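Written below as structure tokens is the structure these notes are about.
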Amino acid sequence: MLNLRDNMEFSTWVCLIFILQLFLPMPISSDSSLSTKGFAEISANFLNLAKKPELADWMIGIRRKIHENPELGYQEFETSKLIRAELDKMGIPYKHPVAVTGVVGFIGTGGPPFVAIRADMDALPMQENVEWEHKSKIPGKMHACGHDAHVAILLGATKILQEHQNNLQGTVVLVFQPAEEGGGGAKKMLDAGILENVEAIFGLHVSVDLPIGKVASRPGPIMAGSGFFEAVISGKGGHAAIPQHTIDPILAASNVIVSLQHLVSREADPLDSQVVTVAKFQGGGAFNVIPDSVTIGGTFRAFSKESFMQLKQRIEEVITGQAAVQRCSATVDFFLDQKPHFPVTVNSQDLHEYFQQVAGDMLGIRNVKDMQPLMGSEDFAFFSEAVPGYYFFLGMKNDTRGKLEPGHSPYFTINEDALPYGAALQASLAARYLLEFHPKSHFQETKFHDEL
């Protein structure tokens with residue numbers, strides 16, 4: 001990837017100034033020293049468009065429709081239908097179905113360079129406790145992580161790009177992804193070839209901790225790799241009053257759980273962040289009966305592939321070994337078919353510099369924050385493992401409106417004032433990428449997409 005600060009040849013600048021004139025309402029001087037100013041004006045123009053009541057209110061309406069009808073991973077049929085209907089209205093071609101319910105749209109020339117922007121669509125299996133007009137209508141399902149807002153933001157970005165689609169110097173790939181919440185929808189979309197020829201991909205997540213109008217990210221690892229495990233520990237059940245005639249799987253499971261914590265506290269480098277959490281323990285149904293078996297399960301996380309794989313190996317060894325000490329047997333399942341391990345989410349260094357420039361031009365550089373890595377995981381990692389990717393957090397905190405509850409809470413809410421900022425950023429990141437990297441890809445021999 002070219003460094004974004006590399007000088008462009010004079011002929012490229014002439015082409016660039018012409019392009020900027022198409023995007024902006026005012027003439028741009030052909031002086032190459034004004035290039036940064038011209039790019040900044042594109043970002044400001046997009047934010048002004050996104051804040052117009054007709055677009056902002058439209059995004060809010062989309063978000064509320066999705067929020068009322070939450071759907072779990074690979075079940076986002078109505079959400080997908082709504083997205084396709086809006087793309088049809090805009091005249092945006094798309095592929096569907098991709099990974100069961102996913103939608104991939106295309107806007108621009110149909111040729112290189114290709115840049116992608118992504119939103120996840122799925123909800124969570126939990127009951128909403130927020131009482132408001134647009135509360136979830138589906139018992140036991142809720143958009144408690146902001147994916148409804150992410151879809152609305154991407155559709156808003158699409159509307160902005162549509163207004164300039166004749167001026168796009170390449171193709172923006174619009175990725176509406178299913179099953180982010182543990183289902184590995186990104187991997188299935190990747191396996192379906194949606195990033196063919198794509199040079200970069202951008203994703204975002206709303207944040208309850210950042211003030212509105214601010215964004216945060218970092219280069220390198222930003223979110224941990226993660227996996228799930230479940231173990232069945234089997235012994236011999238019997239009466240609780242005569243334990244000598246039983247083989248107690250509850251005792252064995254208890255020793256297993258304590259020993260698993262030692263993997264982080266005594267085997268991992270203290271400077272190498274890792275987590276092992278047992279969050280599931282099922283066994284027994286009576287006060288005076290020792291059960292035949294116990295099931296435990298949980299998650300493990302790390303910030304490097306090597307640490308992650310070592311942790312996985314040791315989890316299995318500890319479970320089977322500690323169970324054997326207590327005369328029990330154990331089987332361990334890592335759910336690789338159902339819940340694929342998420343890689344570490346890694347942000348490209350070049351794209352970090354590019355993001356800082358674009359977001360700084362739009363919001364002011366003081367509103368572009370650096371952040372520490374998070375132990376949470378994100379299946380955007382599958383995309384950023386395949387092509388240069390960049391994932392950032394979009395602020396929506398407004399203290400005058402009260403505290404926002406964290407994601408995965410039944411009281412989670414969205415500050416809808418953040419939607420225009422997200423839409424403008426996604427549109428600007430995509431459009432400016434095509435402008436700034438157009439010379440790199442113009443002569444590459446790349447497949448054109450016939451969807452356009």
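All residue numbers here begin at 1 and follow the chain in the order shown.
Just so it is clear, glycine is given a Cβ too, placed from its N, Cα and C backbone atoms.
The Mn(2+) binding site annotation in TrEMBL covers CYS145, HIS147, GLU181, HIS205, HIS408. Residues or ranges marked as domain 'Peptidase M20 dimerisation' by TrEMBL: 225-320. Annotation source TrEMBL lists signal peptide at 1-30.
Annotated features taken from TrEMBL, shown on the structure.
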residue: CYS145; record: Mn(2+) binding site; Cβ neighbours (10 Å): 21
residue: HIS147; record: Mn(2+) binding site; Cβ neighbours (10 Å): 29
residue: GLU181; record: Mn(2+) binding site; Cβ neighbours (10 Å): 20
residue: HIS205; record: Mn(2+) binding site; Cβ neighbours (10 Å): 22
residue: HIS408; record: Mn(2+) binding site; Cβ neighbours (10 Å): 13
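Across the domain 'Peptidase M20 dimerisation' (225-320), the DSSP tally of helix, strand and coil residues reads 38 helix, 35 strand, 23 coil. The Cβ centroid of CYS145, HIS147, GLU181, HIS205, HIS408 marks the Mn(2+) site; residues of that chain outside this set whose Cβ lies within 8 Å of it are ASP120, ASP122, LEU124, HIS143, ALA144, GLY146, GLU180, GLY407, given in sequence order. Each residue in the domain 'Peptidase M20 dimerisation' (225-320) has a pLDDT score, and their mean in this model is 97.
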